[in-house]
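K.L.:
Structure provided below as structure tokens; questions to follow.
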Amino acid sequence: MICLVLTIFANLFPAACTGAHERTFLAVKPDGVQRRLVGEIVRRFERKGFKLVALKLVQASEELLREHYAELRERPFYGRLVKYMASGPVVAMVWQGLDVVRTSRALIGATNPADAPPGTIRGDFCIEVGKNLIHGSDSVESARREIALWFRADELLCWEDSAGHWLYE
């Protein structure tokens, strides 16, 4: 119940979801699931110190994916992207932590794996841009929209992270 209240509060007052309470949406794409990289990806975010607040394995509908990627509708690869994302299971996740949107983008690496440095998820595990393993929100605003698309408020778990005092001042 308290988490539901906090989620409603965060939607009414977006500035409340900054700092250590900032959230981002990540999705391991079908190639990442098929290649059995979900655990490795989760491990990297946990080791960084972020808190997992939601996770589910889903077969995304084309309708959901068209809404998720609406801003790319005019791009030539849009149709292929939607079909690809609907071609297999996706692991949808919400992570929470200080500056999690920006930091998760750095952990993921450049959209084009050729531009992603070693040590990033795409730099270590991807070869081509069409199969780049993972989606990560590109802004706090996008994260809010994407989280609301993929998760109901009651699916976002509020829990006390015992390691928090070792991570934040």
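Heads up, the Cβ atoms here are built off N, Cα and C, so glycines get one too.
Below are the features I grabbed from Swiss-Prot:
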type	residues	note
BINDING	K29, R105, T111, R122, V129, N132	ADP binding site
ACT_SITE	H135	active site, pros-phosphohistidine intermediate
K.L.:
How big is the ADP site in terms of the longest C-alpha to C-alpha distance among K29, R105, T111, R122, V129, N132, in angstrom?
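P.N.:
Greatest Cα-Cα span of the listed binding residues: 15 Å.
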K.L.:
Neighbours of the ADP site K29, R105, T111, R122, V129, N132: Cβ within 8 Å of the Cβ centroid, same chain, sequence order.
P.N.:
I108, G109, A110, N112, P113, A116, C126, L133, I134, H135
K.L.:
Among the binding-site residues T111, N132, point out the residue whose Cβ has the most other Cβ atoms within 10 Å, with all shown protein chains included in the count.
P.N.:
N132
K.L.:
Return the count of C-beta atoms lying within 10 angstroms of the C-beta of R105 (ADP binding site), excluding that atom itself.
P.N.:
17
K.L.:
In Å, rounded, how far does the Cα of R122 (ADP binding site) sit from the Cα of the residue listed as 'active site, pros-phosphohistidine intermediate'?
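P.N.:
The Cα atom of R122 (ADP binding site) is 11 Å away from the Cα atom of the residue listed as 'active site, pros-phosphohistidine intermediate'.
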K.L.:
Could you work out which of the recorded positions (K29, V129, H135) has its C-beta surrounded by the smallest number of other C-beta atoms within 10 A?
P.N.:
V129
K.L.:
So how many other Cβ atoms are close to R122 (ADP binding site), meaning within 10 Å of its Cβ?
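P.N.:
Other Cβ atoms found within 10 Å: 22.
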K.L.:
How many Å lie between the Cα of R105 (ADP binding site) and the Cα of H135 (active site, pros-phosphohistidine intermediate)?
P.N.:
9
K.L.:
Rounded to a whole angstrom, what is the C-alpha distance between K29 (ADP binding site) and H135 (active site, pros-phosphohistidine intermediate)?
P.N.:
7
